[in-house]
Structures are given as structure tokens and as C-alpha cells.
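Student: Dropping the structure in here first, questions after.
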Amino acid sequence: MHPGGQAILFATDLDESSSVNAQLCELRKDGTMVDDSTQGGELEASEAGAEARHHWTELAQRILDAQDAYYARDAPTISDAEYDRLMVELKKVEDDHPELRTPDSPTQRVGAPQRITDFAPVKHLERLLSLDNVFTRDELSEWMNRVATAVGKIPNFLCELKIDGLAVDLVYRDGQLVSGATRGDGRIGEDVTANVRTIAAIPRKLTGDDVPRLLEVRGEVFFPVADFTDLNAALIEAGKNPFANPRNAAAGSLRQKDSRVTASRPLSMIVHGIGVLEGHDFPSQGHAYDKLAQWGLPVSPYFKIVEHVDEVHEFVTRWGESRDEASHQIDGVVVKVDDVSLQRKLGATSRAPRWAIAYKYPPEEVNTELLDIRVNVGRTGRVTPYGVMRPVTVAGSTVEMATLHNAFEVKRKGVLIGDTVVLRKAGDVIPEILGPVVELRNGTEREFLMPDHCPSCGAELAYEKNGDKDLRCPNAQGCPSQLHERVFGLASRGALDIEALGWEAAIALTDPENQRPGDDEVAEELPKRQTAVLSSEAGLFDLQLDDLAEIKVWRRRKVNGGPGPWQLEPYFFTKATAKKPSTPTATTKKMFDELAKAKSQPLWRVLVALSIRHVGPTAARALATHFGSVEAIREASVEELAGVDGVGEIIAESVKRWFEVDWHQEIISRWAAAGVRMADDRDEAPEQTLEGLTVVVTGSLEGFSRDEAKEAIVSRGGKAAGSVSRKTDYVVVGENAGSKETKARDLGRPILDEAGFRYLLENGPQGITTIG
């Protein structure tokens, strides 16, 4: 403890996955470790089995290498998730072979090693500890139970977001900022005072009349997610390597020799701990945060003090589903005992406090190999490059493809085929390739070249107008890729909702030879090419079961885990045998049932199904509500179309152009002849009881599916939102509502049950009774 100072055990928001936890020291060939900074540090590895010793050595070296890349070079070569996995595995080896666990082990060390750098060393007034991690809810509950047992009660907990940034220690004397240093090894860091002074969020002088004589605070410097893309674009434009993620951008921006470079970057900071403090004593973590804020220091707007264990889990759930709402990247939640006297009672181990824990979310960012970049032709002709990656699990699902949007985006991100790339997937968000791990390049990578002809039909690609970034295939009518994309799109839940008409079925109808092998891939002569049963979506509702009996698709079966021979197999019918004739599959029968039901779908769904560029469900609803029929929309002028609320000039011009194309008229006429509904009954239009209101539905309702609830809101003039904010007018909660209900209560938004929702739909907000 600093002389005359109060040592407050507020842990910093640091963990093994984002810090160096082992001293970089020499690993001997026999598995022992040499470290001149400790006495008796040699591991008695001879006592362990040879296999365990070898495994320990490999794991330790991988961790040390990862730490060196992460901290010394600000260029991580593995993901946080992979680092966590290695540490967990190393701990298990040491649990099984305790003789391998010494003070020199990566599992026992805290912080980054001291290396020769461009920055002077600075000794922290009070040592920075790390945090222990848990990865499951059961582990989190076990930790809270241990705390409750140790202190004799369930204490209040302070929950806060775990910032994925760079740890920094600040020292103020008589209210003036005198020092800023990186975390280093927890005792000694790097002097980055000049750079810290350029960060607007960090006050050079504390405010208030009672500023302490001496204050040491800890926090995280981070790069706002919203500014990350622009930074990388500027770096690539200048011929420099991009950063893999915002955390790397924060570290690289702060550890600059020239503070003017740091000043040019929009860094920010959040303070979450105190090392040394003179003249003040706080009863709780929450009180400390209040006072730090009064002194002008930036504290997190995302913390909450709770009284019950269930509330801790609710906080974890709420932010696990809303990670992208924070201004900074997060990879978990830190849970701390709020009462400082209980913190002191619980104490700390050599590396982490016992009164705080970090719950780690499943990783949203992982590293994987970019195997190839290919292009896809969409339903409106847009040609989109996408990355094909080595399959990897991220945010709970396996991902092997991610869009790259256009050639300009590929160049802006700076990715090459063969790169190790950082892949991000937040919840249900589409996977995104953030950028390359440049340090892992070996010279075999190659640049992606955008094709100049359509890979599906061979038409020359072109930009629709000057300034466009998207190349398009102009052969809308004859391009097989555009056709099967349109057929697949019209069957989606947001259009005609034909579940049995999926991606493969759409290809089988429009381009059954899509996967046809080359002559050199088969032993026998290939059969004659099939003719597609659909050359336009116009014929979709004229299809008969017999039309599909002979459709076959190419499949390549696996043999012993590897590629086997190509086979031509029936798609919509079963394969005939000596005992059973070929018959329609259950899915095929379901598809025809759903096609029949689709004929009665409301007008707005038919408009979406027509694949008019820019016309999605929102614009389609607006057009259907205003005009009431396809014929009225076709006859309307651009000015009349643009005058509809929610449409505008761009959509209006797109609609008008679509109706001017001859073969589009065939779609409308053949669908109408087949019985597809082309007009809404004007008497059916519900009263606009929700006009101007934003409603969020969460949980399961007995009388509505999720889509039905959304449609009920929109058809009555309301907006069906997917997340709760201060602008939300009502939140409807059903069974298992989850974090959205919690957030609604936090923000004081009116909450309705299903009965209240029905009342709102019928009568509007007048006289409604809320349940929260």
C-alpha cells in the first residue's frame, strides 16, 4: 500500500484472454522453465509423466507466444476464445499433475512481461490484479454461492460490462493528471502519459472541491465500434495494414511514438477501479463510481447494483442478447461484491480478487482461414463477393461463409485469399469478416479479382450508373442465378411464406444442372442436360405434380469421409425400386399445399414476391394499404407513388420501371389467372389504432405467432420494433420474455400482457391498463 494511502480492492476489468499472464522466459527442452526473477523457479518436471510434461511445454509455449503477439506487438495471432481454451487446458494439466504448477507457470502469473520498448517503465502505486473467469451459468452460480457462504449472506452485487480494450493506470496528484501507464506485468507498465493526455474522455484536471491529494485509477481505453471501419479504410488508403478488431486499434493507437497519431484517433476510456486513494473512504463500489463521476472521470453507463442472484443472471442474459448496443466491444460481464468491507473480508489470491469474477460470453470473434472468395448473383442482378472459410464456431453456430458486399469492400478490408481473418458474428447478425491477421501471412496469399462477366449466364457485368459500387448482371430474364434467387425469395417468410420451397428446391425447379460435374470428374459419359421446368416465376402457380416427376439433381456422396462418385438423383419424387414406384415426397406434397394457400396471401406479400427492387415488407405494406390493388399501383404515376408515406422517390421510380417491363406483365397475368390474390378487400383494412406507436413483442403469446403479432401491429399503423429503447411506446410480454422485459422495466417503458395487447390493437392507447 502506498504510504499514507488507502488500498481499495477494486479489481480492474482484466482477464487472461486479454492480457499477458505469464512471464516471457526461456523454456528448456526438458520442459522446465528458467526465470531469473524468481528463486527456485525451476519446475520439477521429471516428477511428471513424460507425456504430461511434453503437453504442458507445448501449451505453455503457445500461451507465451500468444501473449507476446498480443501485448508486445499489438498483433494477436489467435482469438480470445482460443487463448481461453489453451489456459483452461493448461490448468487441467496442472490439476492432474500439481508438480507442474509453480509461480512461473502461465496460470499463476499476472500481466505482461517487461520488454525493451519505446516507452519508459513506470511502477504502479498499487499492483493491478487480474480476474478469474467462468464460462457457464452454473460456474457463475457456484461462485456466488461460495461468496455467500464466506460472508454469511447473499451480498449486493455490482454487475458491469467487461470492456474489450487496453488496460491503463492513471495517477492524479492534487487533482492534476501526472501519469498514464499501460498495465504491463501488474507492477510495472509503460509510460504513455503524453498519449493519454490526448484522449478527450480523460480529464487533465479533476473537478469538484474535495479532490483527493492522491488518486490512482484503473480503466480500459477502447476504440468505439462505430469508428473502427472508418479507421481501417483510412489505413488501407494510406497503404498501411488494417487492424483486425477495435481492441487492436485501441492498443495500436495508444502505443504510438508520436502522440499526434494518438490524438487523431477517437479513443475513449471507462474507469472501473481504484488503486490508491488518500483522504476518502467509500462504503461500496457503487458509491466509488458516483464519486469518480463527480470528479469528472468517465465511468460506465452500463452497470447495475442488484440484490438477488437471479438479477445477476438477468443482467448477463440482457447484455448477452444486446452486446452491440454498447459503444465499445464487450466479451462478458464482471460481477463484483458491492460492499467494500466484504471485499476486504474475502481478500484475494496471488493473481485475482475472490470478490469479483468475469463471466465470459461465447466468442463473437474468432480467427479462421479465408479459403476462397467467390461471387453470388442476387435476385435483382447484384453481384456480391463472399468469403468461403474453414468452418468455425462463433456465437454458438458454425460459420463457413460471409458476405464481402462488393469489390470496394474487399479492397477496403484488405483481405487476401489465404489470409487468416477475424470473423465476427453477434447473435443473429450476419457473419462479418472484419479484416486480416497480417502478421500470419506467409507470401502464398493472393488478391481477389472481381469477374467482368456473370458466372451464371455469361453476360457482361456493368454498373447501373456512375458512382455505384455494385456490379450487376443485366440479364434479369435469362440469368439462372437471378431466377432461382427470385423463386427462393418469393417463398420466404417475409413474402408468400412457402416453407417447403427452400433453396435447393428453387434450384431444382430453375437450374437442375447447377451442380453438374465436369467430364473429367466422372468415369462414364454424362447424360443429356435437363431442361428446367421453370424458365420464369410466372409459371410457378401453374406447376402440376407430374411436371416434377423427372427432375433430378447432382449429388456427390461421401465415401470414408472423402468425396465419392457423382450421382443423379430425383429431387421431388422418391427413387423407384423393384417393389415401390416413384412417388412425391412429403416435402413436395407440402410445397403444393403451401402454393395453394399462398394464392390467398394479402396484397403486400404478393408485392414482395414480385422482387421489385427496393420494395420490402415495409414499402409493400404502405403501397398495398394506399392503393389496394396491383392494377392501381401499375396505373399510378411516380409522383403518386412517391407521395405514399414510407415509399419516397427512389422506391417509386423502381416500382414504375418494374411495371414497364413486358415479361413482368406475364408474371402478373399468369399469377392472376392461377388465382393469386391481386387486390385487398378495402373493407378488410383494420382501423389505424396504432398510428405513430412503436411496439415491441417479446416472449411467446398464445394467440399470435411472432409474424402474426408483427403483422397485427403494422397493419394498424404501428411500428413493430425488434429491440427496446426509450422511444418504445409499449412492450408486450409473453412467456419466457427474457431480457427485453428487463430492459423495458429499467427504462420505465409501459408493459402489456397479451390481453392488454389485444385491447391496444382494437382500441388504441386510450384507457389501456399496463402491468408494468
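Here the Cβ of each residue, glycine as well, is placed from N, Cα and C on the backbone.
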Student: Quick one: which of Lys257, Lys336, Lys411, Lys413 does Swiss-Prot put in the NAD(+) site with Asp80, Ala81, Glu82, Tyr83, Asp84, Ser130, Leu131, Glu160, Arg183, Glu220, Lys360?
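Tutor: The candidate from Lys257, Lys336, Lys411, Lys413 that Swiss-Prot ties to NAD(+) along with Asp80, Ala81, Glu82, Tyr83, Asp84, Ser130, Leu131, Glu160, Arg183, Glu220, Lys360 is Lys336.
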Student: Write out how many residues of the domain 'BRCT' (685-772) are helix, how many strand and how many coil, based on DSSP.
Tutor: 29 helix, 16 strand, 43 coil
Student: How does the model score the domain 'BRCT' (685-772) in terms of mean pLDDT?
Tutor: 86
Student: Find, for the listed binding-site residues Leu131, Cys454, Cys457, Cys473, Cys479, the residue with the lowest Cβ contact count at a 10 Å cut-off, counting only other Cβ atoms.
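Tutor: Checked Leu131, Cys454, Cys457, Cys473, Cys479; of these binding-site residues, fewest Cβ neighbours within 10 Å: Cys457.
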Student: Among all the protein chains here, how many other CB atoms are within 10 A of the CB of Asp80 (NAD(+) binding site)?
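Tutor: Its Cβ has 25 other Cβ atoms within 10 Å.
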Student: Return the count of C-beta atoms lying within 10 angstroms of the C-beta of Lys162 (active site, N6-AMP-lysine intermediate), excluding that atom itself.
Tutor: 26
Student: Test of understanding: give the count of other CB atoms lying within 10 angstroms of the CB of Arg183 (NAD(+) binding site).
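Tutor: For Arg183 (NAD(+) binding site), the 10 Å Cβ neighbour count is 27.
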Student: Where does Asp84 (NAD(+) binding site) sit in DSSP terms: helix, strand, or coil?
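Tutor: Assignment for Asp84 (NAD(+) binding site) reads helix.
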